[in-house]
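Copied over from Swiss-Prot:
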{"type": "DOMAIN", "residues": "516-720", "note": "domain 'ATP-grasp'"}
{"type": "BINDING", "residues": "542-611", "note": "ATP binding site"}
{"type": "BINDING", "residues": "GLU677, GLU689", "note": "Mg(2+) 1 binding site"}
{"type": "BINDING", "residues": "GLU677, GLU689", "note": "Mn(2+) 1 binding site"}
{"type": "BINDING", "residues": "GLU689, ASN691", "note": "Mn(2+) 2 binding site"}
{"type": "BINDING", "residues": "GLU689, ASN691", "note": "Mg(2+) 2 binding site"}
Amino acid sequence: MLLCLSPAWLMKVPAPGQPGEAALLVSKAVSFHPGGLTFLDDFVPPRRATYFLAGLGLGPGRGREAAELARDLTCPTGASAELARLLEDRLLTRQLLAQQGGVAVPATLAFTYKPPGLLRGGDASLGLRLVELSGKEGQETLVKEEVEAFLRSEALGDILQVAVKLSGWRWRGRQAWRLHPRAELGAVVDTVLALLEKLEEEESVLVEAVYPPAQLPCSDGPSPGPGLAVRICAVVCRTQGDRPLLSKVVCGVGRGDRPLRHHNSLPRTLEVALAQCGLGEEAQVAAVRQRVKAAAEAALAAVLALEAGLSAEQRGGRRAHTDFLGVDFALTAAGGVLTPVALELNGGLCLEACGALEGLWAAPRLGPAADEAVAAPLVETMLRRSARCLMEGKQLLVVGAGGVSKKFVWEAARDYGLQLHLVESDPNHFASQLVQTFIHFDMTEHRRDEENARLLAELVRARGLKLDGCFSYWDDCLVLTALLCQELGLPCSSPAAMRLAKQKSLTQLHLLHHHGPPWPAPSLHAVPCCPLESEADVERAVHQVPLPGVMKLEFGAGAVGVRLVEDAPQCHEHFSRITRDLQGEADHPGIGLGWGNAMLLMEFVEGTEHDVDLVLFGGRLLAAFVSDNGPTRLPGFTETAACMPTGLAPEQEAQMVQAAFRCCLGCGLLDGVFNVELKLTGAGPRLIEINPRMGGFYLRDWILELYGVDLLLAAVMVACGLRPALPTRPRARGHLVGVMCLVSQHLQALSSTASRETLQALHDRGLLRLNLLEEALVPGEYEEPYCSVACAGPSPTEARLRLLGLCQGLGIDGPSYPVAHFLSHFK
């Protein structure tokens, strides 16, 4: 991230192939480094900006220069002069908030002269009256009638004062309001008429209610001084999926008989401000905070909806969007309920006030309200939009298309502007129509991966593909992908590391002998096991591995064929069954049988099961996300339920992340997005297996929903040799608890009460989160989950109870599939 203190440090150059747009180049800037270090850097040649946020000041000077720099850029911009003008029009924003956002605004009478098109034709709002003037002179009679009716209207309630002010971007910060008692009709009319003379087109004169200080119920402490008013400033940011998120709330407290503004009061937290005014009861303060959050997020949602209907010219460029918003509220007591009333929208002032609060020497003592930097969600949005800019147009080769559960890949690629080229064994795969280039190549026999990698590299070169990266998210194709990257000179973890992680017994045995340094060593997390290729291997293994144990396919996926075995006869019986039923790819496509059907026996460890999804770049851990799994239906190990974020204590969560990270490094996995399955035992984390690719099932979707981090985008960036900029301590925006549906257990429900259409309709209404994992309802002995159904909530308990009720109503819960038991780990 770079800070440019002068417009002269930046320049715009025409963008080739994009008429009317320009690239922004940086020749000089302040750069920031860990430990608080800053440097003034000169860039030769200049660097290309991938995101621009301008400080749009008022009037001539640098603000105007910054506005011109921000216009019509090829890179994303977080503000523009055109959007700022809209937000600085109090009348327009009040109408927008009242009509679109359902946000309380002051009762307002507006006299507008040649109003902008966005104001025309809007539905009338309660307490918001627009009077369109044909001219600025000769309006005395109309003004008097309208003002008199307004001052007598019920919309003002018990208001004793009104303010008269000008509205329009020209007047922002340049004029003081004029206060009048409500009873002084003549004075109000005279002020309105005087201000009408200053109007230009698309400007207005506002007569608005001035709310007295809310009479807060006193706490147990001494009564506060009379007449204290609270002005609340909320900063809200645009996050993943254009969803508003409250970032921080800061308040000012002052005398109620004087205008309370940003620079004439000290910033403080909402809790401190309300306590100074006599409200210290925790539940009431929490209720006020929730109302402020709802109103602020609704305000930004209304602004984003307005922007969606604007042309690129009206926004100031194709890539111009409002990424953050400051909303100023007055706190009123309407009907005995403390209600925030939106006064105006701004950006810089609210952000500045929050920064001032964070900069106080006592900030570390302020508690949870000061834990997160106000700019954190904004910076995440900047980085996300910057990443999209970097990746747009990148040429990527995808090896293996996968099934219906991976349909999101093609949708996301279109959204990100990626140019995908696909290698796939199925010539009729639906994804063949969704890519730039389709290469049909039979790669089902993975014991020929080295030969196939050379052949594929020749095909890529013959087609003249200029690739930026190559990656796979499909288990069967991971080693082939690493070999192909090696042939093409593209970034990837080494083939040796991929082979080590792909073969489960090899993973465990390698890590068992990895004693460090560094310490704690990966050997602490590995589990004793024995590879099985024959009945003789089984006989030897039952004497080497403590029983009960777990038998599974060496190269398997989706827990197919995984079984708890109690003694030697069960081991022999299960080995015989698997070698008979699952001999090749045709017996069960997509679970690794192209590698053969060798098995392993590993020690069964007691404990709770967890997934850790990691993003690594150059051997450094960039991000980690931990989720919890419910108890499985022994002797099988098909997943039943899951919860995110984890309910583990912070120390245990850190142990899981470090164990997963060390196991990946121990296998040589240095670059990529990986999924590591572990159990937390009394002695610490124990490794189940490493999946050297992005987590499957619902994981990418849940992480995107809760944290705003897209593992797919991170994976393709790493594949292109680009380091993803991810939040080091991402905040979850809620909780998700889900349950798997199996055809063997839910065929009747999935064909009736919980049909695909019913589940999709509930998903579309936001009542559940559906992740479809299979296309058809086909029962079988060796099955994978058909779908995942989840519910969201502000707490794991609420999400769990919602899901349980839903499963009972849909027929997913039952005696043979006790959902309450599967969710019991999440209490």
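Just so it is clear, glycine is given a Cβ too, placed from its N, Cα and C backbone atoms.
VAL542 (ATP binding site) sits 21 Å from GLU689 (Mg(2+) 1 binding site), taking the Cα positions as reference. For PRO569 (ATP binding site), the nearest neighbour among the listed binding-site residues (GLU677, GLU689, ASN691), judged by C-alpha distance, is GLU689.
Classification of GLU677 (Mg(2+) 1 binding site) by DSSP places it within a strand.
Here MET551 (ATP binding site) is compared against the binding-site residues GLU677, GLU689, ASN691, and the shortest C-alpha distance is to GLU689. Between the CA atoms of GLY596 (ATP binding site) and GLU677 (Mg(2+) 1 binding site) there is a gap of 22 Å. Counting only same-chain residues at least 6 apart in sequence, those with a Cβ under 8 Å from the Cβ of ASP587 (ATP binding site) are ASP581, LEU593. MET551 (ATP binding site) is surrounded by 24 other CB atoms, counting those within 10 A of its CB over all protein chains shown. Note: the CA-CA distance between VAL605 (ATP binding site) and GLU689 (Mg(2+) 1 binding site) rounds to 13 Å. If you draw a 10 Å sphere around the CB of GLU689 (Mg(2+) 1 binding site), it holds 21 other CB atoms from the protein chains shown. Cα separation, ILE578 (ATP binding site) to GLU689 (Mg(2+) 1 binding site), rounded: 20 Å. A Cα-Cα distance of 8 Å separates ASN691 (Mn(2+) 2 binding site) from GLU677 (Mg(2+) 1 binding site). VAL560 (ATP binding site) sits 14 Å from GLU689 (Mg(2+) 1 binding site), counting Cα to Cα.
All protein chains shown were included, and the count of other CB atoms within 10 Å of the CB of VAL605 (ATP binding site) stands at 21.
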